[in-house]
Amino acid sequence: MAEPSYVTVNLNPKSTDRQDVRREEEATPSSTAGVTSHRVIIATSWFFVTLPITALTIAFLVMVFRWRVTHNVNDGLYKNLEIPSTEDDNHGVYVDLNASTILFVASWASSLAPMLTGFLMALASFPIARQLSSNIRKGQAYSSNLPTPYQLALTLKFLDGSALAAIWSWMMYLATWGKSRQPQTPLLVTTSIVALLATVLGLLVSAADTWLHLTTTTVPFTQVTPIYDSMGYSFGMISQCLKNNNSIAAQHEVIYSNDICSFSLSGQGTFLRQPSITLQMLSNLSSVATVYTHTRKSDGIPYTYLGVPSEILSKDHDFTAHSYAAHTSCHMMTKRCGVKTASASVRFNCSAAFDGFIDSTDLQTAFFTDETMRKSSSLRGSTYGTDNPYYLGLASAEFLGDDTVPGGNQSNPNDDFVLSLHGSQAYVMGCKNTIYDLEYDQVNGSITRFDTQISNTSISNIWQSTIAEYNLGYVQPVKQAMTAAFVTTNSSDDFANEVALAFGRANMALGAQGIESRPTLALQERRTTLVARLPVAPLVAMVAFSLLFVVTGLLLTALAMWVARSQEVRNIQATLGISGLVADRFEQEGLKREAKSVDGFFAENTGRTTQRVAIETDKETTIYRYTAWKDKAASDSGSDLLR
């Protein structure tokens, strides 16, 4: 097998015997010992191009996916309790780490990539050397494929200098030299393309990292977990209220047993089953239940309902619960009831079942089967009770020392209020109260669903019979609300609405005698933490461009190893650089025969007497040229230009 050969390119214009490129075939066994440093160059370039960015990319991905948080499969278990913050975001990845920590690792890859383009060019120098070798072998007949001196300078700048600076010089060469410029040779085209590719890849990694930095945010991330323990957020009737229809007559029948539902009747009066429950609820101090108000968004109807006290309910719990609610609506009936001043009293006559005198600020009430107020609820059968809804009339007066009433005054009177001779403002109202079975959802502290169904009479009787017989429980809070509304409201309707809410709250508190806590229908725990949100697009771009940079390095490494099998390619690659050009210009050719690397081209590397490089000029001081001086110990006079 023929021994490998190498090529030495001499670019010294002053030596006529070096005008052409020489090829020397060595027949001695020592010819096999050409430049062998290619292994170190390829291995070093491969290491710096692939390993750092690969390691940083892997570390980045490990951080992202090791601490990635997603919504678990149970997040959508209760459809009614779903919230937008528990829905997966297909455009972002959530990581339970500080955003700055993740971006710090990513920024290292973007910082290194532009710095490593020189190693890509070092790998590319081997196939470029092979291309030059192929063009040289074609001989002078194809010399147009060889670079001009300036094109060679650009090529060397690409290979050994700054890629960005070399690209700029190359672009200026294309743009400003005009017609004097020779066509680009394949060598310069290949080198410039590789340099552009390496530079663009580095800039793409940096751009993707910048994009990732600008779009990564810290956001709250919510996860929910179903809870199957029986939390008492619902309410149902106690066992004593499940034995009859809970009417006044029905509850009177069990007065001497332990089956009292909400109150008991005796010769001494009416007594609540557990008065402390109602007193605590009216004072908003109960640990069992609280009366809340809620206006349903779908129809704007206000309700009062029984719910869990806020101090018991965990703020991280979302739930579906069953309870009871009431809607009370009131309207002014002063004109309809013919209210008139009669001596020191005010006379009213709404119906035969509801008439009399208003001679004080006390609250007078009566319950009826319908809104006509003709039939008192006490006229029903012994055990039937009342229908749902049930109706009541209210008559009272306010004495505040002036003529101002809701929606009127002395100069602009309001017919819904009648002034007595003693200065009190009398009025009559009619109210309608409906009891509902309630199922509602509470998510993140807000009611998201409020479904009501009219309760049957066995349930509504608990509230109607209790409030009808134990009027001491609601008269005071309702009367207080009337007085407050009389001062604060600006119309009859507003006054009636405030009284309706007050009656609804008092009514629900009284009926709470017959309810108890029940297991929640559905319950989940909500956990919200601050996490880093990485948008998918810049994340994928960052990883893709980093891996593309690495893959390009691997391809160039494989190509360099393939073409570097030729000793001629290795020698040309060693010469094709600034070091090779300087050695060819100033060092003895004999050094190359024994050199294993570019460093061996220089006498200084072997410990021999070296030369000193200077720049001299001619007598006219218009032309500057490189010159080599012998070192001081060997030189006795002036400059000695070595050729």
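Glycine too: its Cβ is placed from the backbone N, Cα and C atoms.
Here is what TrEMBL records for this protein:
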type	residues	note
REGION	1-31	region 'Disordered'
COMPBIAS	15-26	compositional bias 'Basic and acidic residues'
TRANSMEM	46-67	transmembrane segment
TRANSMEM	102-129	transmembrane segment
TRANSMEM	150-173	transmembrane segment
TRANSMEM	185-205	transmembrane segment
TRANSMEM	536-563	transmembrane segment
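The transmembrane segment (536-563) is in contact with the transmembrane segment (102-129), judged by 3+ CB-CB distances under 8 Å for residue pairs 6 or more apart in sequence.
Tertiary proximity for the transmembrane segment (46-67) is limited to same-chain residues at least six positions away from its ends with a CB under 8 Å from its CB atoms, namely 93, 95-97, 101-102, 105-106, 108-109, 112-113, 116, 119-120, 123, 205, 534, 539, 542-543, 546-547, 549-550, 553-554, 556-557.
Within the same chain, residues 53, 109-110, 113-117, 120-121, 124, 127-128, 131-132, 135, 144-148, 151, 154-155, 158-159, 163-164, 166-167, 170, 541-542, 545-546, 548-549, 552 sit at least 6 positions outside the transmembrane segment (185-205) and bring their C-beta atoms closer than 8 Å to a C-beta of that stretch.
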